[in-house]
Amino acid sequence: MSNIWKVFSRDVTRLFRVRKAWVVIVGVIFTPALYAWLNISAFWDPYSNTGSIEVAVVNLDEGASSELTGPLDVGALVVDELHANDQLGWQFMAEDDALEAVKRGDVYAAIVIPKDFSRNLLSITTGDFVQPRIEYHVNEKVSAISPKITDVGASQLDRQITRAFSEQVAAAATEALRDVGYSAEAQLLEAQGNTLSAVDEAESNVSTTRERLGTLQSDVQSSREGLTLAGSTLTDVDTVLTDVQTAVTQAQSIVASVQDEVIAFGDAATDAYLNGTVLLAEGTSGANIAVTEVVQSLEQLSSKAESAITDVSEAVEANGVAIERLRTLLENADADSAVAQRIVELLDALEDRNATDQQLLSDLQALNSSADAVATAIQDTAGQLDNLAQDSQNAAVEMRTVLEETLPGLNESMSALTTSAGAFSAALDAQKDQLSQAQLLLTDIDEQLVATSGVLDRLDENLDQIDDGIQTTHNDLVALSQASIWSDLSSLTGLDTEQIAQFIASPVSIDEHVVFHVNSYGSAMAALFTNLSLWIGAFVLMVIFKLEVDPEGVDGLTVRQAYFGRFLLLGMIAVAQALVVCIGDLMIGVQTVSSIGFVATGVFTALAYLSVIYALCVAFGHVGRGLCILLVVMQIPGASGLYPIEMMPGFFRDLYPFLPFTYGIDAMRETIGGLYQGHYWYYMAALAAFVAAGVLLGLVLRRRLANIILMFNRQIGATDLFISETVHVKGSGYRLSDIVHALQNRQEYHEDVTRRSEQFAQRYPILLRVTLLTGLLLTIILAVAGWLYPSANATLLAAWLVVSLIIIGAIIAIEYVKESLDRAEQIANFDDSVLSSVARTDIGKARSADGDGSDEAMVVALPTQQVLGAERERTEDVVSRTERADEAVTSGPEEPEGEATLSSETEDIRGGESTPVVESSELDNEENGVGQDGRSEVACVTDPDVSPVLEDENQLHEDANVAGHCSSGRHRADADTVGKQEENE
């Protein structure tokens, strides 16, 4: 801690010792604050000056008229209102002049009201609505914000037009409503009289209806009695149909018997014919006998047919009598009832069926007549049999022919008669089923009539209630003239047209309640501009001040001590910057809920930003400064400073929680607008986390990347164009493992380094080309992707930045490998004395670090540490003997300023021989710092107890040249002696 304070106090002393530096310090403190003050003042209330933004207005509207609104010229109304409106600089001009002024940039926008605007607006009242349109021309090239302001003006104009039209329509509608109110009062009186008459008439109709309901109830009872009689009739009809069905069955049996006889006759006749043909030669007597039998059979058949005909005729007559009885019964019943209609339909069907049976009876009688004719013919044939014996064969043929012609017809007639009888029987069955259904139907009708009677009773009760309601309605209508509706109609006729029109145009009033009020736009933007000033101020410190700490006046200075020592100085200036900018904000009127809290927040935020910026610049040098610029560029859109983060692309929304500005701006907004719960402390804790992260990053990467930054600065410094700060590193800047390897076996080390250098030299151009081409190719791919997908430009830009950083890091890594190999070659070319000096320096620093417990102990691989133990003892012995030889050197005559001649003789350590010392030049005492003992602090061989830290590679090369010069000049013989001793050892 003492060394940290020593560095800080020494740096402050240096600043106060040079008065001209005060001017720079004052400029560094006040210049960043100007950025915040000027921007806050400029943005204090910009929207109060919108009247200076000129907008051209062109009115071409010709006006229109409608039955509802009458004449209406919306364009003229708008122009009149805009003349009284000073929110924008309205300029009224011709259309061509307005459009040309927009193109020239004389006005920011132009609004053109077309000639048919009012006509289209009033088209809504005629049913053929046409959307009215206003032409809006805006020049977006002139300014990024002005189009948004003119858009607001155009929207306001649209609202004014809507309001004017709504007021006009509302006024017309209110006037019409008042007229309706006047006529409604008269119509209500007329309606009252008409309604009373209608109520009286309804009361009379209800009474009449109730009387008719009584008559209808009597008719229902009569209908039920008729239904009972119809049921009895249907029972009688069912009995008759049963008798008819029995008769039909008997007729079917008779017809079947006759048909069997006919079939038997046919078969017998056929057999007789066959036998007669065979036995014709046997004699006429057999034929006569057969003829006689046939005649007898025909007579029997005719007798049976006549009996069947008689039975069928009786059945048909019985059917006719039954039908006549049924019709007589129907004549006594109610002919209009559904049951009667159904019975009539059934009787009609029975009559049709009886007519069919009558036709079948006629056919049967004709068939019987044919059978009689056949019998007569046979008898005639038998009479002539004796006379016609010689023609018997022909007669037999004729007889067969007659049988073939007659019997099939007779058989068919019998079959038809049987079929008709079956159909008639089936019809009777169906009619019986229908009679059963009719009986069920009559039962249902009776139940319906019972239900109807109940409904009529309830209807009569309801009508009685309706009659009471009509009486009540009559009384209410009489009392209506005394009700409050007449006063309501009076209120309707007294409507205020203007007041209602204003309400319709603007029915809603917004009651605004501001939470965490901010007095001006400048105060709202103060958080962003102040944070930017603090970041810029911290970055300016990185540009003006050296970040590398020299060890002058501080013994045993470590990296950690140097880091915090310089940070104290920069932090003091950053605090001064924060105090100046925050107090200045308060003086120009920035609102705060706590002035002390506002200033304290600015101070802490400045230290947080300084911690991040200082860590990046110390760890990465110029690359870190570039990262600081990149970081501030990304924080402006990504930290919700101007627009809500929700309006930003997805990349910035994802980055938002990881940016310091996010918490610095929000913390300052809390002190400006008002504190809410623990939000302020959350933001301050986040800033504290950035402070810790910056310190950790700076300390860790500073030690790990020191040699890389050293190489980078030396290469850009070689251009003589860039500012290159000398990087201070602990020790010699060479790898201790390489030094130990060279001391152990120089030949092996030289061969190994040469082999690796040659291999890398072959790959070096290829690696550079591949890295650069890869970066170029990825850049082209990302550019094409950005052209194809404009919505992803933010993400692609972030990807390009990452790729660029990776490519830069790869190039630096390649160059560092090359630099490491160059250093390894330098070690191979050092003589033993220089190697011993370098090793002694690094070992001394490692021992010092181990002794005081600081954080500067070198990290060496375990095998190297084991070798280092033995090498350290050998090197210390060699250096000790060399120092004793130096003490014997005597001074010669004075040389010119900056030079001294040293001569002495040293005793050979091995054998006591004297070795002359060659003259050599010492470095200038002022440049190298001569101590009180008169010795140069940069000696040919360095004592670890008194020698300073070799701060950088350039100084190391200087020391190496001095040591080499001592070896070739003043101490060449001594170096040879030491070399021989080392070889012997």
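Heads up, the Cβ atoms here are built off N, Cα and C, so glycines get one too.
Through the fold, the transmembrane segment (21-44) approaches residues 14-15, 520-523, 525-526, 529-530, 532-534, 536-537, 540-541, 544, 573, 576-577, 580-581, 584-585, 588-590 of its own chain, all at least 6 residues removed from its boundaries and within a Cβ separation under 8 Å. Residues or ranges marked as transmembrane segment by TrEMBL: 21-44 (among others).
Per TrEMBL, domain 'ABC-2 type transporter transmembrane' is recorded for 23-167 (among others). Here the domain 'ABC-2 type transporter transmembrane' (23-167) has, by DSSP, the following mix of helix, strand and coil residues: 78 helix, 25 strand, 42 coil.
What TrEMBL records for 471-699 (among others) is domain 'ABC-2 type transporter transmembrane'.
Nonlocal intrachain contacts for the transmembrane segment (524-547), taken as residues 6+ away from its ends with a CB within less than 8 angstroms of a stretch CB, comprise 24, 28-29, 31-33, 35-36, 39-40, 43, 518, 566, 569-570, 573-574, 577-578, 581-582, 585, 590, 602, 605-606, 609-610, 613-614, 617-618, 625, 628-629, 632, 635-636, 641-642, 661, 664-666, 668-669, 672-673, 725. The feature transmembrane segment is assigned by TrEMBL to 524-547 (among others).
Residues or ranges marked as transmembrane segment by TrEMBL: 567-590 (among others).
The feature transmembrane segment is assigned by TrEMBL to 596-620 (among others).
If one looks beyond the transmembrane segment (627-645) by at least 6 residues along the same chain, the residues whose Cβ comes under 8 Å of a Cβ in the stretch are 527-528, 531-532, 535-536, 539, 542, 612-613, 616-617, 620, 652-653, 655-656, 659-662, 665-666, 801. Residues or ranges marked as transmembrane segment by TrEMBL: 627-645 (among others).
Long-range neighbours of the transmembrane segment (680-701) within the same chain, counting only residues 6 or more positions beyond its ends whose Cβ lies under 8 Å from a Cβ of the stretch, are 559-560, 563, 601, 604-605, 607-608, 611-616, 618-620, 660, 662-664, 666-667, 670-671, 855. Positions annotated as transmembrane segment by TrEMBL: 680-701 (among others).
Summarising the annotation, TrEMBL assigns transmembrane segment to 766-789 (among others).
Tertiary neighbourhood of the transmembrane segment (795-817): same-chain residues 623, 630, 649-651, 655, 707-708, 711-712, 715, 760, 764, 767-768, 771-772, 774-775, 778-779, 782, 785-786, 789, selected by CB-CB distance under 8 Å and a gap of 6+ residues from either end. Annotation source TrEMBL lists transmembrane segment at 795-817 (among others).
The feature compositional bias 'Basic and acidic residues' is assigned by TrEMBL to 870-887 (among others).
Annotation source TrEMBL lists region 'Disordered' at 870-985.
Summarising the annotation, TrEMBL assigns compositional bias 'Basic and acidic residues' to 971-985 (among others).
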